[in-house]
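**Student:** Before anything else, here's the structure in question.
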Amino acid sequence: MVPIRLDAAKQHYATSSLVIGYALCSSLLAVINKFAITKFNYPGLLTALQYLTSALGVWVLGKLGFLHHDPFVLDIAKKFLPAAVVFYLAIFTNTNLLRHANVDTFIVFRSLTPLLVAVADTAFRKQPCPSKLTFLALLTILGGAVGYVATDNGFTLTAYSWAFAYLVTITTEMVYIKHMVTNLGLNTWGFVYYNNLLSLMMAPLFWIATGEYADVFTAVGSNDGNLFNVVAFSAVSLSCVFGLLISFFGFAARKAISATAFTVTGVVNKFLTVAINVMIWDKHATPFGLVCLLVTLAGGVLYQQSVTGASNVPSQRESSVPNQMDADSDDNEKEKERKGKISGV
(Lines of atoms letter the chains of each structure in order from A and count residues from 1; the text may use other names and numbers.)
(Lines give C-alpha, C1' and ligand atoms only; values in the text may rest on other atoms or scores of the structure.)
Protein backbone atom coordinates (compact mmCIF):
# COMPACT_ATOMS: atom_id res chain seq x y z
CA MET A 1 0.00 0.00 0.00
CA VAL A 2 2.83 2.41 0.82
CA PRO A 3 4.44 2.26 -2.65
CA ILE A 4 1.03 2.85 -4.23
CA ARG A 5 0.47 5.91 -2.03
CA LEU A 6 3.93 7.23 -2.84
CA ASP A 7 3.29 6.78 -6.56
CA ALA A 8 -0.04 8.57 -6.20
CA ALA A 9 1.60 11.44 -4.29
CA LYS A 10 4.34 11.74 -6.93
CA GLN A 11 1.72 11.76 -9.67
CA HIS A 12 -0.27 14.41 -7.82
CA TYR A 13 2.72 16.71 -7.37
CA ALA A 14 3.92 16.13 -10.94
CA THR A 15 0.49 17.04 -12.30
CA SER A 16 0.22 20.07 -10.00
CA SER A 17 3.66 21.28 -11.11
CA LEU A 18 2.70 21.03 -14.78
CA VAL A 19 -0.56 22.89 -14.25
CA ILE A 20 1.13 25.62 -12.17
CA GLY A 21 3.82 26.01 -14.84
CA TYR A 22 1.17 26.32 -17.52
CA ALA A 23 -0.83 28.79 -15.42
CA LEU A 24 2.16 31.08 -14.86
CA CYS A 25 3.18 31.02 -18.52
CA SER A 26 -0.38 31.57 -19.70
CA SER A 27 -1.04 34.45 -17.29
CA LEU A 28 2.13 36.29 -18.32
CA LEU A 29 2.08 35.50 -22.04
CA ALA A 30 -1.08 37.52 -22.79
CA VAL A 31 0.53 40.66 -21.38
CA ILE A 32 3.89 39.91 -23.02
CA ASN A 33 2.25 39.33 -26.41
CA LYS A 34 0.20 42.53 -26.08
CA PHE A 35 3.40 44.45 -25.34
CA ALA A 36 5.22 42.73 -28.21
CA ILE A 37 2.49 43.44 -30.74
CA THR A 38 2.43 47.14 -29.79
CA LYS A 39 6.17 47.41 -30.41
CA PHE A 40 6.29 44.98 -33.36
CA ASN A 41 3.04 45.39 -35.28
CA TYR A 42 3.40 42.34 -37.50
CA PRO A 43 1.31 39.50 -35.99
CA GLY A 44 2.08 36.95 -38.70
CA LEU A 45 5.83 37.45 -38.45
CA LEU A 46 5.67 37.48 -34.64
CA THR A 47 3.91 34.10 -34.49
CA ALA A 48 6.31 32.67 -37.10
CA LEU A 49 9.26 33.73 -34.94
CA GLN A 50 7.64 32.04 -31.94
CA TYR A 51 7.19 28.80 -33.89
CA LEU A 52 10.78 28.99 -35.14
CA THR A 53 12.14 29.50 -31.63
CA SER A 54 10.13 26.60 -30.20
CA ALA A 55 10.86 24.12 -33.01
CA LEU A 56 14.54 25.05 -33.23
CA GLY A 57 14.89 25.08 -29.45
CA VAL A 58 13.51 21.54 -29.12
CA TRP A 59 15.70 20.28 -31.98
CA VAL A 60 18.90 21.84 -30.59
CA LEU A 61 18.26 20.71 -27.01
CA GLY A 62 17.50 17.23 -28.36
CA LYS A 63 20.80 17.15 -30.27
CA LEU A 64 22.65 18.25 -27.13
CA GLY A 65 21.01 15.47 -25.12
CA PHE A 66 19.06 17.69 -22.72
CA LEU A 67 15.71 16.25 -23.80
CA HIS A 68 14.22 13.54 -25.98
CA HIS A 69 11.64 14.22 -28.66
CA ASP A 70 10.10 11.91 -31.22
CA PRO A 71 11.77 12.12 -34.65
CA PHE A 72 9.92 13.78 -37.50
CA VAL A 73 8.07 11.08 -39.46
CA LEU A 74 5.96 12.01 -42.48
CA ASP A 75 3.11 9.61 -41.68
CA ILE A 76 2.76 10.99 -38.15
CA ALA A 77 3.02 14.55 -39.49
CA LYS A 78 0.10 13.87 -41.84
CA LYS A 79 -2.01 12.64 -38.91
CA PHE A 80 -1.05 15.63 -36.78
CA LEU A 81 -1.45 18.23 -39.54
CA PRO A 82 -5.16 19.02 -38.89
CA ALA A 83 -4.36 19.71 -35.23
CA ALA A 84 -1.46 21.95 -36.25
CA VAL A 85 -3.75 23.89 -38.62
CA VAL A 86 -6.28 24.46 -35.83
CA PHE A 87 -3.48 25.46 -33.44
CA TYR A 88 -2.06 27.92 -35.97
CA LEU A 89 -5.46 29.51 -36.52
CA ALA A 90 -5.99 29.82 -32.75
CA ILE A 91 -2.65 31.61 -32.29
CA PHE A 92 -3.17 33.72 -35.40
CA THR A 93 -6.61 34.93 -34.30
CA ASN A 94 -5.32 35.40 -30.73
CA THR A 95 -2.50 37.68 -31.89
CA ASN A 96 -4.81 39.72 -34.13
CA LEU A 97 -7.34 40.03 -31.29
CA LEU A 98 -4.61 41.46 -29.04
CA ARG A 99 -3.64 43.77 -31.90
CA HIS A 100 -7.11 45.32 -32.12
CA ALA A 101 -8.45 45.00 -28.55
CA ASN A 102 -7.24 45.37 -24.99
CA VAL A 103 -6.15 42.45 -22.81
CA ASP A 104 -9.43 42.48 -20.84
CA THR A 105 -11.46 41.77 -23.98
CA PHE A 106 -9.13 38.90 -24.83
CA ILE A 107 -9.54 37.44 -21.33
CA VAL A 108 -13.33 37.63 -21.46
CA PHE A 109 -13.55 35.74 -24.73
CA ARG A 110 -10.92 33.29 -23.53
CA SER A 111 -13.10 32.77 -20.46
CA LEU A 112 -16.06 31.67 -22.57
CA THR A 113 -14.23 28.61 -23.82
CA PRO A 114 -14.85 26.29 -20.81
CA LEU A 115 -18.60 26.27 -21.45
CA LEU A 116 -18.13 25.54 -25.15
CA VAL A 117 -15.39 22.97 -24.50
CA ALA A 118 -17.57 21.18 -21.93
CA VAL A 119 -20.38 20.93 -24.48
CA ALA A 120 -17.99 19.82 -27.23
CA ASP A 121 -16.33 17.29 -24.91
CA THR A 122 -19.72 15.74 -24.18
CA ALA A 123 -20.91 15.84 -27.80
CA PHE A 124 -17.78 14.70 -29.65
CA ARG A 125 -15.52 12.95 -27.12
CA LYS A 126 -18.34 11.15 -25.25
CA GLN A 127 -17.35 12.61 -21.87
CA PRO A 128 -19.96 12.67 -19.04
CA CYS A 129 -22.33 15.63 -18.96
CA PRO A 130 -21.35 18.35 -16.45
CA SER A 131 -23.10 18.21 -13.07
CA LYS A 132 -25.62 20.90 -12.11
CA LEU A 133 -23.04 22.75 -10.00
CA THR A 134 -20.48 22.54 -12.79
CA PHE A 135 -22.99 23.84 -15.32
CA LEU A 136 -23.90 26.69 -12.92
CA ALA A 137 -20.22 27.61 -12.73
CA LEU A 138 -19.93 27.64 -16.51
CA LEU A 139 -23.05 29.81 -16.80
CA THR A 140 -21.50 32.21 -14.26
CA ILE A 141 -18.53 32.50 -16.59
CA LEU A 142 -20.90 33.24 -19.47
CA GLY A 143 -22.91 35.79 -17.46
CA GLY A 144 -19.81 37.75 -16.48
CA ALA A 145 -18.65 37.77 -20.09
CA VAL A 146 -22.02 39.05 -21.34
CA GLY A 147 -21.97 41.83 -18.74
CA TYR A 148 -18.49 42.85 -19.84
CA VAL A 149 -19.39 42.97 -23.53
CA ALA A 150 -22.53 45.03 -22.79
CA THR A 151 -20.45 47.73 -21.10
CA ASP A 152 -17.33 47.62 -23.28
CA ASN A 153 -16.72 51.18 -24.48
CA GLY A 154 -13.88 49.93 -26.65
CA PHE A 155 -16.21 47.88 -28.82
CA THR A 156 -15.23 47.82 -32.51
CA LEU A 157 -16.45 45.53 -35.25
CA THR A 158 -12.89 44.57 -36.19
CA ALA A 159 -11.89 43.67 -32.64
CA TYR A 160 -15.01 41.59 -31.98
CA SER A 161 -14.78 39.86 -35.35
CA TRP A 162 -11.32 38.64 -34.36
CA ALA A 163 -12.70 37.81 -30.90
CA PHE A 164 -15.42 35.52 -32.29
CA ALA A 165 -12.95 33.95 -34.72
CA TYR A 166 -10.61 33.30 -31.77
CA LEU A 167 -13.45 31.84 -29.70
CA VAL A 168 -14.33 29.32 -32.42
CA THR A 169 -10.75 28.29 -33.15
CA ILE A 170 -9.59 28.04 -29.52
CA THR A 171 -12.60 25.88 -28.60
CA THR A 172 -11.90 23.57 -31.52
CA GLU A 173 -8.21 23.51 -30.65
CA MET A 174 -8.83 22.61 -27.00
CA VAL A 175 -10.99 19.61 -27.82
CA TYR A 176 -9.22 18.34 -30.94
CA ILE A 177 -5.67 18.57 -29.61
CA LYS A 178 -6.79 16.82 -26.41
CA HIS A 179 -7.98 14.02 -28.67
CA MET A 180 -4.62 13.99 -30.48
CA VAL A 181 -2.45 13.90 -27.34
CA THR A 182 -4.58 11.06 -26.02
CA ASN A 183 -4.31 8.90 -29.14
CA LEU A 184 -1.31 9.81 -31.29
CA GLY A 185 1.40 8.41 -29.01
CA LEU A 186 4.07 11.14 -29.08
CA ASN A 187 5.90 12.27 -25.97
CA THR A 188 5.45 15.84 -24.72
CA TRP A 189 8.49 17.29 -26.49
CA GLY A 190 7.45 15.39 -29.60
CA PHE A 191 4.12 17.20 -29.61
CA VAL A 192 5.88 20.53 -29.09
CA TYR A 193 8.26 19.77 -31.98
CA TYR A 194 5.61 18.58 -34.44
CA ASN A 195 3.16 21.34 -33.55
CA ASN A 196 5.59 24.22 -33.92
CA LEU A 197 7.42 22.81 -36.95
CA LEU A 198 4.20 22.23 -38.90
CA SER A 199 2.89 25.65 -37.84
CA LEU A 200 6.14 27.24 -39.03
CA MET A 201 5.67 25.58 -42.43
CA MET A 202 2.19 27.12 -42.70
CA ALA A 203 3.25 30.61 -41.59
CA PRO A 204 4.47 31.86 -45.03
CA LEU A 205 1.07 31.04 -46.57
CA PHE A 206 -0.78 33.24 -44.08
CA TRP A 207 1.96 35.88 -44.24
CA ILE A 208 1.40 36.22 -48.00
CA ALA A 209 -2.40 35.80 -47.88
CA THR A 210 -2.82 38.65 -45.39
CA GLY A 211 -0.44 40.93 -47.28
CA GLU A 212 1.68 41.49 -44.20
CA TYR A 213 4.85 40.68 -46.15
CA ALA A 214 4.42 43.97 -48.05
CA ASP A 215 4.28 45.94 -44.81
CA VAL A 216 7.44 44.21 -43.53
CA PHE A 217 9.35 44.85 -46.77
CA THR A 218 8.21 48.47 -46.74
CA ALA A 219 9.41 48.90 -43.14
CA VAL A 220 12.76 47.30 -43.97
CA GLY A 221 13.17 49.49 -47.05
CA SER A 222 12.30 52.70 -45.21
CA ASN A 223 14.81 51.98 -42.42
CA ASP A 224 12.42 53.42 -39.84
CA GLY A 225 13.85 51.21 -37.11
CA ASN A 226 10.53 49.63 -36.12
CA LEU A 227 11.79 46.15 -36.89
CA PHE A 228 15.15 46.33 -35.19
CA ASN A 229 15.00 48.68 -32.19
CA VAL A 230 16.07 47.31 -28.81
CA VAL A 231 12.63 47.47 -27.17
CA ALA A 232 10.91 45.62 -30.03
CA PHE A 233 13.69 43.02 -30.16
CA SER A 234 13.47 42.43 -26.40
CA ALA A 235 9.67 42.15 -26.47
CA VAL A 236 9.71 39.68 -29.38
CA SER A 237 12.52 37.63 -27.79
CA LEU A 238 10.63 37.39 -24.48
CA SER A 239 7.44 36.33 -26.25
CA CYS A 240 9.38 33.64 -28.14
CA VAL A 241 10.88 32.24 -24.93
CA PHE A 242 7.48 32.12 -23.24
CA GLY A 243 6.03 30.59 -26.41
CA LEU A 244 8.42 27.65 -26.01
CA LEU A 245 7.65 27.33 -22.29
CA ILE A 246 3.89 27.39 -22.77
CA SER A 247 4.18 24.85 -25.58
CA PHE A 248 5.81 22.38 -23.20
CA PHE A 249 3.62 23.05 -20.16
CA GLY A 250 0.51 23.25 -22.34
CA PHE A 251 0.96 19.82 -23.95
CA ALA A 252 2.10 18.24 -20.66
CA ALA A 253 -0.93 19.65 -18.84
CA ARG A 254 -3.27 18.50 -21.63
CA LYS A 255 -2.04 14.96 -21.05
CA ALA A 256 -2.56 15.21 -17.30
CA ILE A 257 -6.08 16.68 -17.06
CA SER A 258 -9.31 16.85 -19.03
CA ALA A 259 -9.91 19.32 -21.85
CA THR A 260 -12.42 21.35 -19.82
CA ALA A 261 -10.25 21.40 -16.68
CA PHE A 262 -7.29 22.47 -18.81
CA THR A 263 -9.39 25.24 -20.33
CA VAL A 264 -10.60 26.49 -16.95
CA THR A 265 -7.01 26.48 -15.66
CA GLY A 266 -6.22 28.88 -18.47
CA VAL A 267 -9.14 31.05 -17.34
CA VAL A 268 -8.50 31.13 -13.60
CA ASN A 269 -4.85 32.10 -13.94
CA LYS A 270 -6.01 35.24 -15.73
CA PHE A 271 -6.54 36.85 -12.27
CA LEU A 272 -2.81 37.53 -12.37
CA THR A 273 -3.07 38.77 -15.95
CA VAL A 274 -5.81 41.22 -14.96
CA ALA A 275 -3.76 42.55 -12.04
CA ILE A 276 -0.68 43.08 -14.22
CA ASN A 277 -2.77 44.62 -16.99
CA VAL A 278 -4.40 47.15 -14.64
CA MET A 279 -1.03 48.15 -13.20
CA ILE A 280 0.93 48.66 -16.42
CA TRP A 281 -1.65 49.65 -19.08
CA ASP A 282 -3.98 52.60 -19.29
CA LYS A 283 -6.12 50.79 -21.88
CA HIS A 284 -8.26 48.46 -19.83
CA ALA A 285 -11.93 47.99 -18.97
CA THR A 286 -14.20 50.32 -17.01
CA PRO A 287 -14.67 49.58 -13.27
CA PHE A 288 -17.96 47.79 -13.98
CA GLY A 289 -16.30 45.90 -16.83
CA LEU A 290 -13.58 44.75 -14.43
CA VAL A 291 -16.26 43.57 -11.99
CA CYS A 292 -17.87 41.51 -14.75
CA LEU A 293 -14.45 40.16 -15.66
CA LEU A 294 -13.87 39.11 -12.04
CA VAL A 295 -17.31 37.43 -12.01
CA THR A 296 -16.22 35.48 -15.08
CA LEU A 297 -13.03 34.38 -13.38
CA ALA A 298 -14.93 33.55 -10.17
CA GLY A 299 -17.03 31.20 -12.27
CA GLY A 300 -13.79 29.44 -13.15
CA VAL A 301 -12.98 28.98 -9.47
CA LEU A 302 -16.51 27.68 -8.79
CA TYR A 303 -16.08 25.21 -11.63
CA GLN A 304 -12.82 23.98 -10.11
CA GLN A 305 -14.52 23.42 -6.76
CA SER A 306 -17.41 21.56 -8.40
CA VAL A 307 -15.19 19.06 -10.23
CA THR A 308 -12.80 18.63 -7.28
CA GLY A 309 -15.77 17.62 -5.14
CA ALA A 310 -16.50 14.85 -7.66
CA SER A 311 -12.96 13.48 -7.54
CA ASN A 312 -14.09 10.09 -6.33
CA VAL A 313 -16.25 9.47 -9.38
CA PRO A 314 -14.08 7.32 -11.65
CA SER A 315 -15.53 8.47 -14.93
CA GLN A 316 -15.86 12.17 -14.20
CA ARG A 317 -12.66 13.34 -15.84
CA GLU A 318 -9.54 11.92 -17.41
CA SER A 319 -6.41 11.06 -15.50
CA SER A 320 -2.86 11.59 -16.60
CA VAL A 321 -1.88 9.91 -19.83
CA PRO A 322 1.49 8.18 -20.15
CA ASN A 323 4.05 9.72 -22.48
CA GLN A 324 4.03 6.82 -24.91
CA MET A 325 0.61 5.28 -25.61
CA ASP A 326 -0.06 1.78 -26.80
CA ALA A 327 -2.58 1.47 -29.59
CA ASP A 328 -3.81 -2.03 -28.76
CA SER A 329 -7.21 -2.50 -27.22
CA ASP A 330 -6.00 -4.06 -23.96
CA ASP A 331 -4.02 -0.95 -23.01
CA ASN A 332 -6.91 1.27 -24.07
CA GLU A 333 -9.20 -0.63 -21.72
CA LYS A 334 -6.70 -0.29 -18.88
CA GLU A 335 -6.45 3.43 -19.58
CA LYS A 336 -10.21 3.79 -19.36
CA GLU A 337 -10.16 2.08 -15.97
CA ARG A 338 -7.61 4.60 -14.70
CA LYS A 339 -9.75 7.61 -15.64
CA GLY A 340 -10.61 9.94 -12.74
CA LYS A 341 -10.37 13.54 -11.70
CA ILE A 342 -7.00 14.60 -10.28
CA SER A 343 -7.67 16.98 -7.42
CA GLY A 344 -5.69 20.08 -6.75
CA VAL A 345 -5.09 21.19 -10.34
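Cβ atoms are placed via backbone N, Cα and C, with glycine included.
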**Student:** TrEMBL tags one of 106-123, 286-303 as transmembrane segment - which one?
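**Tutor:** My reading of TrEMBL: the transmembrane segment range is 286-303.
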**Student:** Can you name the far-off residues of the same chain, 6+ from the ends of the transmembrane segment (48-68), with a Cβ under 8 Å from a Cβ of it?
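**Tutor:** Sequence-distant neighbours of the transmembrane segment (48-68): 91, 187, 189, 192-193, 196-197, 199-200, 203-204, 207, 236, 239-241, 243-244, 247.
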**Student:** Which whole number is the mean pLDDT over the domain 'Sugar phosphate transporter' (24-303)?
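**Tutor:** Value for the domain 'Sugar phosphate transporter' (24-303), mean pLDDT as a whole number: 81.
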